[in-house]
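Undergrad: My questions all concern the structure below.
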Amino acid sequence: MQPSPRATLWVLMLVTVLGTAGIALPYPVLAPFFSAGDNALTRFLDWHPNILLGLALAIYPLGVLIGSSFLGALSDRRDRRQLLVVSLVAATAGYLLSALAIRLESFPLLLLARLLTGLCEGNVAIARAMAAELHPAISRTRALSLLFAATYAGWLIGPIIGGYTMPLGVEAVFLLAAGASLLCAALVAVCIRDRRVPPAGEPLQWQQLWREHSFRLFKYDDIKPYIYFQLLFCLGTNAFYEFYPLWLVDSFAASSKDIANTTIAVTLVMIVTSILVVTPLAARLGKHRVLMAANLTFALTLLILPFTQRATAWVLFGLSGGLIALVNGVYPAMISERFDHYGQGNVMGLSTTLFFLANVIMAVAGGWISVLGSHWALVTGGICCLLAWGWFAGAIRSRRTDDGAAGAA
């Protein structure tokens, strides 16, 4: 029996919470583990532990960047549920390999395991495509904003659990993440059915895997303004995510507890906004107006934030969380509706890929910029968001002008 759309969405949200929490679990433990530098893994080739930590952290989003592009596009041609289950089981294997690498003190094996896990966790594109396809029973804006709320909840819960699990050993954290991923696979296998009939095709081959990727959408002119908008906006949001902790330390001598409390506050605002604000505001004002207003306000907030006092900064942090949630709530629904003909997996895969591409770019570029001062990394983020607003406004205005001219002709 086909589960109801509401039940399917609840399962997808639970899977997203568990899956994201599993991803976030190791983050609070890897830094102290490498800093201790007391085993063969953290002294690999006598490299500095910080360099090894950077590689271990960077290899994962690189895997997600690649995996989301291929898995999302491939799910348009295959059974989404089956592909999601297989990728979750493979991610479980990746976490288990990570635990084994810690036990064997093998840095190359840890890199391989983190890459495999990242490739498989690109399956978030499949979950978003399945949520978008619940329309018209559940509006795309509502379904995707709730899925993003589940993502934020996972990022909040995961590090807390990881931090409390650390006394049991680093490998225990990866084993717990493996358990969460396996539970997700079981939930999808039992509780979800693909709501569309996937097109019949030839047996899966390596050549098909190479052909099916979301970057193919770059060749279509109608989607390019949205691609460039998201890339610029994600550069701005990643500048915020990655460098506000450093700015808090530099500006206010913030402790790890202060940073954690700030992160919790921002995340809670994002969750509440996604659940209670996005859908009614988009229905009242329209998705395009909400997108443009939230993006412009966030850009100005990032430009102002580095030059404020602590009390004002707290207010701006909360505002930033709400604005990011508004953009993340309406933008995926916009591209899902406008570009459905390219396949939901393709579109959501490209969206996820662009976020992690921006993550990698800003991690490298922002690191160099922050040498001049951590506040300049935040200012750079604000400029990127301002460029995103200007680019998108100009592109949409140009398209409307062209449509009007074509209609007159």
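Just so you know, glycine gets a Cβ as well, placed from its N, Cα and C.
Here's the feature list from TrEMBL:
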DOMAIN    12-400  domain 'Major facilitator superfamily (MFS) profile'
TRANSMEM  50-71  transmembrane segment
TRANSMEM  83-104  transmembrane segment
TRANSMEM  110-131  transmembrane segment
TRANSMEM  143-166  transmembrane segment
TRANSMEM  172-192  transmembrane segment
TRANSMEM  226-244  transmembrane segment
TRANSMEM  264-283  transmembrane segment
TRANSMEM  290-308  transmembrane segment
TRANSMEM  314-335  transmembrane segment
TRANSMEM  347-369  transmembrane segment
TRANSMEM  375-392  transmembrane segment
Undergrad: Do the transmembrane segment (347-369) and the transmembrane segment (226-244) share at least 3 Cβ pairs under 8 Å, sequence separation 6 or more?
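TA: Since 3 or more Cβ pairs under 8 Å link them, the transmembrane segment (347-369) and the transmembrane segment (226-244) do come into contact.
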Undergrad: For the transmembrane segment (264-283) and the transmembrane segment (314-335), decide whether they are in contact, meaning at least 3 CB pairs lie under 8 A, counting pairs 6 or more apart in sequence.
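TA: Between the transmembrane segment (314-335) and the transmembrane segment (264-283), which are separate recorded stretches, there is contact, as judged by 3 or more close Cβ pairs.
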Undergrad: For the transmembrane segment (110-131), give me same-chain residues lying six or more residues beyond its boundaries with a C-beta closer than 8 angstroms to one of its C-beta atoms, as numbers and ranges.
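TA: For the transmembrane segment (110-131), the sequence-distant neighbours (Cβ-Cβ under 8 Å, at least 6 residues beyond its ends) are 8-9, 12, 15-16, 19, 23, 41, 55-56, 59-72, 75-76, 80-81, 83-84, 87-88, 90-91, 93-95, 97-98, 100-102, 140, 143-144, 146-147, 151, 192, 194-195, 214, 332, 343-345, 347-349, 351-353.
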Undergrad: Using Cβ atoms and a strict cutoff of less than 8 Å, what residues sit near the transmembrane segment (226-244) while being 6 or more residues removed from its termini?
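TA: For the transmembrane segment (226-244), the list is 217-218, 262, 295, 298-299, 302, 305, 317, 320, 324, 327, 331, 334-335, 338-339, 350-351, 354-355, 357-359, 361-363, 366, 370, 374, 377-378, 380-385, 387-388, 391-392, 395.
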Undergrad: Is the transmembrane segment (375-392) close to the transmembrane segment (314-335), in the sense of at least 3 CB pairs under 8 angstroms with a sequence gap of 6 or more?
TA: no
Undergrad: Considering only the recorded stretches 83-104, 143-166, 290-308, 375-392, state which has the highest number of Cβ pairs under 8 Å to the transmembrane segment (172-192).
TA: 83-104
Undergrad: Return the average pLDDT for the domain 'Major facilitator superfamily (MFS) profile' (12-400) as a whole number.
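TA: On average, pLDDT over the domain 'Major facilitator superfamily (MFS) profile' (12-400) sits at 87.
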